[in-house]
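Taken verbatim from TrEMBL:
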- B:158, B:179, B:216, B:242: substrate binding site (BINDING)
- B:217: Na(+) binding site (BINDING)
- B:1-22: signal peptide (SIGNAL)
């Protein structure tokens, strides 16, 4: 899934807006009210991704007794989807909700905090970030931008995408025009495919008209809402390119430092709760959406053939190794990521994976 | 894993303690300070289970600016491990951290909110509870006890346990003396085994002396700390009996209602963040502990044979069906649990399970 810049032309309402402060008169103990703006890379209230920062803002408001009011803006309402990082970095707004892989042009290591082909699942990512040293690295990568990152939820393992052509061999990837951004797209390119970058709003039409042969988006819930089943025949899995896409909250460091300690704690803890809620919501809604898709005439759900997956894996590993060799910071993050992934895979071989295979296997 | 009542004789320090209130003088805005007691079923600071409520209390303290001080007590420091439920229910203390399956004698449906043989994983449980209707049922089950439940973390898929005898067939379960409490123990009993209930502090000696043939506890991290590898030869997986044991925070409803709305929100959101942190911590620490165990001479890590797992599954399903048939509330919760489990299994077949098998399979 990659950014959807839906609205064709929405006026840019960027306003210079430091922390507005007012005095609350309600309640026994009058307190200063801090007002923050939170910009996102998603359309306002976009299911899953956009509803999560809304819940976050509600919880912060409730926990602070109204002392910290956070107003959430959809993409293009205040700043374009792809300017979330810069807007929070510069202090134009105090906070953002987005995905770190969008900022690889600014900091190539950033993509490890979001989605890595053949990387870690939601549960594994959260443990790496919060206990395995991931957050320390993320803070290091974002420090030059005056940003504090916080893990901001996960979509879970995504689906492989919607195709109008069957993928029976690695050869079938050659010339395949697929909307597949980021590292996944680079991997496809190495196998002869043609990755296309398209905003969310153009995907359906491009697929329907044959301008692209395939697209990935997120998972059953978001894919169904987009109507992709009406423009493609095959729904492939598993989502090798985004196995546990992690979203981010980013906070301008000066804005955070200006808060009293209790409100700082509220922001950080509310982000952690919001992260848990996002994967809870995706899991729940994907179940029902998948059942709907499975019941559809004319849609075939298929697993990528093993030789195709093996080729994608090999190309992914080569790509990551090359990027690490070219950039010391990427290498530092990559080594930590890879080491944790190897360890958690061995542990999950005896627990999560062994159990799911026992419960649901043939 | 089941309750550890470690301390042999600790005086019961139950004190009648309503909400103590004092006036804080620190800070710009004097506020009333509410002091709560939180009792747990774990030894003070017990790794994973006991450190989680400590973190919760710290976060509540930080987010409330010291207006809600929660003091955490280990098992037997204030009330015995098995009196956590009653103590919070009666209002002797305001809050507890425990596991719902301990209270099946009071409400048989409670165990579905903690651990069910062949049930759901941590990620699945959290989604069922927070989106699939689980929390509504849990609140219904606890309402007669004046308790508000909150999900309080997960250990992840547990290990199958430590054995001094090999399990090569269902016949090997006959006469097997195993510390295996709860539903798992009842399942073992149906296959001819002898489930034994032992507090944590007696497990090691019982296993070493041959008073029991086998025991389960939690997973590599907690098992290693207990030294179980020094008293057994075989470490079996997967933990069919506790695939996603969910802990609980319980709050006395009157105590919760007496809080201002912002502190209520702080308690509920901090619990959600603490839940995420527990599985993060277990995942991280289990990786290193498993590596240590795998490197040990004299310890063989084995998978239960498929016919044994099949028999355990069949007995588990029969047991749950019988319990549901005997109690309308159990039946109501069981139907919700079972329906969600079936749906999420189909979804995870194409995502979590398919992906882990792709990444880590042969």
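For all residues, glycine too, the Cβ spot is worked out from N, Cα and C.
Unlike curated records, TrEMBL annotations are generated automatically.
Feature map: TrEMBL annotations on the structure.
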residue: B:158; record: substrate binding site; Cβ within 10 Å: 29
residue: B:179; record: substrate binding site; Cβ within 10 Å: 25
residue: B:216; record: substrate binding site; Cβ within 10 Å: 26
residue: B:217; record: Na(+) binding site; Cβ within 10 Å: 22
residue: B:242; record: substrate binding site; Cβ within 10 Å: 30
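Here substrate is bound by B:158, B:179, B:216, B:242 per the record. The longest Cα to Cα distance in that group is 15 Å. Comparing residue B:179 (substrate binding site) with residue B:217 (Na(+) binding site), their Cα atoms are 9 Å apart once rounded.
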